[in-house]
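If you check Swiss-Prot, you get these features:
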- 1-16: compositional bias 'Low complexity' (COMPBIAS)
- 1-93: region 'Disordered' (REGION)
- 126-173: region 'Disordered' (REGION)
- 153-165: compositional bias 'Low complexity' (COMPBIAS)
- 352-421: region 'Disordered' (REGION)
- 402-418: compositional bias 'Low complexity' (COMPBIAS)
- Ser416: phosphoserine (MOD_RES)
- 583-640: region 'Integrase-type zinc finger-like' (REGION)
- 660-829: domain 'Integrase catalytic' (DOMAIN)
- Asp671, Asp736: Mg(2+) 1 binding site (BINDING)
- 956-1087: region 'Disordered' (REGION)
- 960-969: compositional bias 'Low complexity' (COMPBIAS)
- 1092-1111: region 'Disordered' (REGION)
- 1129-1172: region 'Disordered' (REGION)
- 1178-1212: motif 'Bipartite nuclear localization signal' (MOTIF)
- 1338-1476: domain 'Reverse transcriptase Ty1/copia-type' (DOMAIN)
- Asp1346, Asp1427, Asp1428: Mg(2+) 2 binding site (BINDING)
- Asp1610, Glu1652, Asp1685: Mg(2+) 3 binding site (BINDING)
Amino acid sequence: MESQQLSQHSHISHGSACASVTSKEVHTNQDPLDVSASKTEECEKASTKANSQQTTTPASSAVPENPHHASPQPASVPPPQNGPYPQQCMMTQNQANPSGWSFYGHPSMIPYTPYQMSPMYFPPGPQSQFPQYPSSVGTPLSTPSPESGNTFTDSSSADSDMTSTKKYVRPPPMLTSPNDFPNWVKTYIKFLQNSNLGGIIPTVNGKPVRQITDDELTFLYNTFQIFAPSQFLPTWVKDILSVDYTDIMKILSKSIEKMQSDTQEANDIVTLANLQYNGSTPADAFETKVTNIIDRLNNNGIHINNKVACQLIMRGLSGEYKFLRYTRHRHLNMTVAELFLDIHAIYEEQQGSRNSKPNYRRNLSDEKNDSRSYTNTTKPKVIARNPQKTNNSKSKTARAHNVSTSNNSPSTDNDSISKSTTEPIQLNNKHDLHLGQELTESTVNHTNHSDDELPGHLLLDSGASRTLIRSAHHIHSASSNPDINVVDAQKRNIPINAIGDLQFHFQDNTKTSIKVLHTPNIAYDLLSLNELAAVDITACFTKNVLERSDGTVLAPIVQYGDFYWVSKRYLLPSNISVPTINNVHTSESTRKYPYPFIHRMLAHANAQTIRYSLKNNTITYFNESDVDWSSAIDYQCPDCLIGKSTKHRHIKGSRLKYQNSYEPFQYLHTDIFGPVHNLPKSAPSYFISFTDETTKFRWVYPLHDRREDSILDVFTTILAFIKNQFQASVLVIQMDRGSEYTNRTLHKFLEKNGITPCYTTTADSRAHGVAERLNRTLLDDCRTQLQCSGLPNHLWFSAIEFSTIVRNSLASPKSKKSASQHAGLAGLDISTLLPFGQPVIVNDHNPNSKIHPRGIPGYALHPSRNSYGYIIYLPSLKKTVDTTNYVILQGKESRLDQFNYDALTFDEDLNRLTASYHSFIASNEIQESNDLNIESDHDFQSDIELHPEQPRNVLSKAVSPTDSTPPSTHTEDSKPISEINLRAPREVDPNISESNILPSKKRSSTPQISNIESTGSGGMHKLNVPLLAPMSQSNTHESSHASKSKDFRHSDSYSNNETNHTNVPISSTGGTNNKTVPQISDQETEKRIIHRSPSIDASPPENNSSHNIVPIKTPTTVSEQNTEESIIADLPLPDPPPEPPTELSDSFKELPPINSRQTNSSLGGIGDSNAYTTINSKKRSLEDNETEIKVSRDTWNTKNMRSLEPPRSKKRIHLIAAAKAVKSIKPIRTTLRYDEAITYNKDIKEKEKYIEAYHKEVNQLLKMNTWDTDKYYDRKEIDPKRVINSMFIFNKKRDGTHKARFVARGDIQHPDTYDTGMQSNTVHHYALMTSLSLALDNNYYITQLDISSAYLYADIKEELYIRPPPHLGMNDKLIRLKKSHYGLKQSGANWYETIKSYLIKQCGMEEVRGWSCVFKNSQVTICLFVDDMILFSKDLNANKKIITTLKKQYDTKIINLGESDNEIQYDILGLEIKYQRGKYMKLGMENSLTEKIPKLNVPLNPKGRKLSAPGQPGLYIDQDELEIDEDEYKEKVHEMQKLIGLASYVGYKFRFDLLYYINTLAQHILFPSRQVLDMTYELIQFMWDTRDKQLIWHKNKPTEPDNKLVAISDASYGNQPYYKSQIGNIFLLNGKVIGGKSTKASLTCTSTTEAEIHAVSEAIPLLNNLSHLVQELNKKPIIKGLLTDSRSTISIIKSTNEEKFRNRFFGTKAMRLRDEVSGNNLYVYYIETKKNIADVMTKPLPIKTFKLLTNKWIH
């Protein structure tokens, strides 16, 4: 606030700094309120004079030194005064500054804040000043002096004078925070004084000087209310006003009382902040003054630590003491005692040089009594000239100790020389020194941090080569020596000021001189024994004397601690003064800032940048000349070396020496590229390249993996090739440090062949530039060739090889020759070269019959390496062949997507002619899985299967190359490749992926599994939309629904688009639970509970026999018993049997896992793969129809193309690998293509109905103005990426109607033609179930609507073209779209935005935050699923009003108005619902299952009996490898996909009791053993036997005042592979089950408690999201509950113990769980295991237990 005021009055550049100090804390920018009238007058006078003499400092100039820190100013220029309220702050006509504002005297001054008391606070610099505080305070305020410009009168004239002065009074500022009240009340009191109301201000005793009048009281009350809003008043002020809202006087009295009590502390802080010392007064007096202030503040609770105190002291040092700011600035642990020792040392040096008399010392008697303790010290520190302190010296090496990098500081010298004895002396304490009476004075200036130093003595150092001394007045003949380099024992530089002579006068009257160096930066004065030996003086440590070689004793040696010392009494003082010796070096080192200090201060910038900044004045306060730059050039900062470490620089042309040193093919570079993902199993995933150093000749070899034997085979091949073809021997191979090169196998091979491996250094890819650049070039060429040709990605290595052949023949600009010429090879004959992807016709030398066509369309790849032929790709046969029997198609563009095969689809004669090929393609190419593996005589690509993604359009994902039949792609499920996640789960072995699961025929020895569920990118994918994140829900239905309308969703398909459950993962489950929860009584549990918040009650009821549930958390406002009964009253918990059943349930739960191996597999499955209700695939397989499968097989067999038929090979399938590879579940294709519905449909009646539907669809498209009918565009004129292929799909709905839909091929849509950020949302299934549950409880009417051709109401922004419908016969023309056509990527998002905008703007709805497609207003709730709308309202007329509004814009059909009071049947998004308003609701799928299950060809009721449970406990899947024929394997996988797809769809709709078994079997889709198939059949059989079961809901009691949302949680510990645990949750709203989830824990839990904690933590986020939805849809209060059968989990939730957990993952979840439970009004209760219905989600259960837990809610 104050900083803003200052900026608004920037024209005032000077003023007094003020501060306000409350009890125990320091505030900024205000002074303590001086309540003394006399003091106020004096301060205002001084302030007026000071302000009249101030001058403005230019902003660009350096900040001047604080005048209070310098020598006294002349009398004519008094220093600035700091009164409590400066003159410019008074409210006069000439000065408009409001009272209470503060200004600083210098731009560099900073306010003193409480943060400066922190030991982590560092002031900006030595010159930064604190505000100047008033020097005194007095009695309470009264009228100011006349000089202030305002004359106050007594009470008799107050009213009359108020009128004349009000016009000059400026009101106080507004109070904006309770923390600002102490400062604000001062300005308010000042406002009253300026308003002639100073007499009514209370004094110290709380009474005003005069009686306040009623008008004054009214004025006081009104102004206080105006300028101090009630919301910003402190609590104690509000308490006073709550008693009497007019008692402003009491507030003022209490405020003044607080201020008065703080004045002494404020004065101490002000004094401490403005300390000044330049040596003019004794150092002891200065020390006493400072220590008294610190002691007084410490006693009052304001703790000034050593660091802050030292900073404040150093700020006030000037003159000779100023350099202590810099030498001491880096000492983090410096104490006040140490700093004063330095000050004493300088002071005594000054006194010794100026007065030539002994140093100033205090009397010994005073020293003993002058003991003070400082803050933050562990024991008392004696601050005295002769401190009485015990010796605690430590052994140290006698080396120079650099104080600039340590905590030691120098002590002063004692120059008194007296006679002493030469007896050997051993001192245990420095105070026991006895060298005669004179020697007692040598114990001076003990340094607090150098307990092992003997003051007044020189330390004898045998390791020092030079003598160093700190005292300047002992040096004779001093001279500057900046070139001397001295280091301490730690190799740190010691700055040297000067060099001179040290003269000794020993007791035999002999004089000796040695060289000495002067520096203040050492801890001891060191006397070098080496230099003494040079003048014939040695130290005898047996007699402890210094003596000459002739035995003459010169001086005694004193042993103190571990060191030996000699007294300074033998040193002769010099005549040079201290200032002179300090200036010998012209202050180049000691008085200048050392460069390392500046380097660190300025963020480790380099010297050049710092010098340039100082020259240009971008850094102020000091200049370039103030820095010692002598060490800048050679200075090496270790922090910079670590933090700015870079790689070494590579010299350009450094490889020339290798080219000159080696012959061709002697030095090779090699590197591996890969892997390339999403490829068929037979396509290579890597390639390895070799480059010769001299000739630059390149080789490339394909690799399927990076195993040692694969790499070794390649090395063997190329070495043999070079040896035989070029008669050369490879000497050196350079490679990186990848494991494929550094393994022992390859190393031994190279060693055996005499080849030297040359490895790059770590993380130095530039050193491997030759191989790296080649790979980059080849990849660039590969991408370009594939883009230009439109060939599928699995031919990527053919493009690599083509590029290698060409580039080996291209000349290098440097050498003017090609690599082939350097190698002595012939050049490339371009007449034999074809463009990559050139269309050709290959002769079929073995046709099926004599009348069969002899030509097969193909695409040229590259010249053959093994013959004179060409490698040609045949898409119709899914193979590459090496042949010379081909003809180039003249005039044909070399792009696959340019071929128009649509005409073939509708020409019956042509179709009949190529019927065998159509069958072949239909069964083998268009289907999802890679069915065929056709061989040829080609070496490495003969077995490449056609990727399900066909040759593509420019950057498209897939397109049929022949299209002789309409593509079978079900674009509703299409997803772009960029959205496909092919990464394995975390716990999956990274070496196992979709691309290497099934080996090719040549790699059959490696157990792998075929990539059955291929997408357009060659792999499987899952949708990354979490179930428990409705706020970010992005259901794929809307985006993929473009391919078909609502009618197809309501067909018999149960794909992803119907269920809205692509985001619901199915995790592996199974096994048994191994919980070992200790038996703890309820009373013991209660004792462990600590009351953490008001919402947790630590005293649960002891008895709860009704449900045996122990309450854990209840609000204090509701009784525990009522809350418990309220939450569990309507839950469908099982009733206990009359007699306790066998302990099977509990004992089963306690059983340990049967198989403890890491790869164990129970019914819970393997891995963390998520199974979904659908897969968004590029193409639809004809295998969905059993008839089509048989026809396709017959066609294949009757063709009898022996040269093309793949051999039937056995596949070895391993359970672990198969389970890890599971990504999703394949849906059943229920739609028909054009040729199936019309062209080849033999059912005449059905054909006619489809034709009728066809024309109806076309008419609707024309009616909706879907495309521009005025103009048709030529295909060649349009950018290919804006052209979208189209197709017709047909379907028969459940009600018997036939539907046709014309859709665009969005699966091959270019990314540039749509906004990838747009989302097409649909209602979440939980939102629908929640809305249905609330409708039942509140007697809502449910109305079902359908909007015809919904997508066509949304305009399209992009420029897109499609092919016209086939009946128009314009296959070479295009039409431009105007509407969001079905199948386009953006259609779903465009429709969502369109309908959302209309509902909000025209219907008055609003979307519920976090729940897309749920709209509401005060009467109606709408759930939107693309073009389906479900309306809920208590008033049917409200629904009708919405319908009327919708019909104005859209063709809206009322499927079911829901007005009947009897039972109404709905078919809502696949759910068959029976609803009788106010009574019940039943949700099932009996009709749908009755129709769909028989079509699965599963033998139903083989033994004529019904199953009672979907699975049996204790049954574990056999883990033996599965050996099966490839065709049989694919059939079984396809069958598993259909069966599990249907089961998953039903389970996530309403059969939550089956989720565990569904998830388990979903993990084994790629492991279709007999056992797995039998379990799947058993699940389908159980679904068939219980197809009439329904999810039953009953209306909630009308008396219930709250909505109750409950989650029941359970976990099965460690029953999954890799010791993962299975967790399950069931969610209930008002006793009705609305959802469930079963999944595997993402973390490996080490105990039952961890597993339960994980389960609970997974349930809470969705519970909170559902709570928000319920509160938005229904305004009744909501109670959230969570039930678990783990007492230990409950204990952790309630505990306040925050000690470290066993591991950080578990600890994080547990701490977060505590916060969520305590912060979300969540009630947690214990539930018995036998009543925990979530148990069915975590493990297989016995029949009796399964029925007991499910018969209450589904029957």
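Every residue gets a Cβ built from N, Cα and C, even glycine.
Fair warning: this is a prediction, and the values are worked out from it, not measured in the lab.
Shown on the structure are the features that Swiss-Prot records.
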residue : record                : DSSP (3 states)
Asp671  : Mg(2+) 1 binding site : strand
Asp736  : Mg(2+) 1 binding site : coil
Asp1346 : Mg(2+) 2 binding site : strand
Asp1427 : Mg(2+) 2 binding site : coil
Asp1610 : Mg(2+) 3 binding site : strand
Glu1652 : Mg(2+) 3 binding site : helix
Asp1685 : Mg(2+) 3 binding site : coil
Cβ packing number for Asp736 (Mg(2+) 1 binding site), 10 Å threshold: 20
Among Asp1346, Glu1652 [binding-site residues], residue with fewest other Cβ within 10 Å: Asp1346
As a whole number of Å, the Cα atom of Asp736 (Mg(2+) 1 binding site) is distant from the Cα atom of Asp1346 (Mg(2+) 2 binding site) by 63
When you measure from the Cβ of Asp1610 (Mg(2+) 3 binding site), which residues in the chain that are at least 6 apart have a Cβ under 8 Å away? Ile1623, Gly1624, Asn1625, Glu1652, Ala1655, Thr1684, Asp1685, Asn1732, Ala1734, Asp1735, Met1737, Thr1738
Close in space, distant in sequence - Asp671 (Mg(2+) 1 binding site), Cβ under 8 Å, 6 or more apart: Ile688, Ser689, Met735, Asp736, His768, Ala771, Glu772, Leu774, Asn775
Could you give me three numbers for the domain 'Reverse transcriptase Ty1/copia-type' (1338-1476), the DSSP helix, strand and coil residue counts? 34 helix, 49 strand, 56 coil
Candidate with sparsest Cβ neighbourhood (10 Å radius) among Asp1427, Asp1428, the listed binding-site residues: Asp1428
Inside 10 Å of the Cβ of Asp1685 (Mg(2+) 3 binding site), count up the other Cβ atoms and send me the figure. 25
Tell me, roughly as an integer, the mean pLDDT over the domain 'Reverse transcriptase Ty1/copia-type' (1338-1476). 90
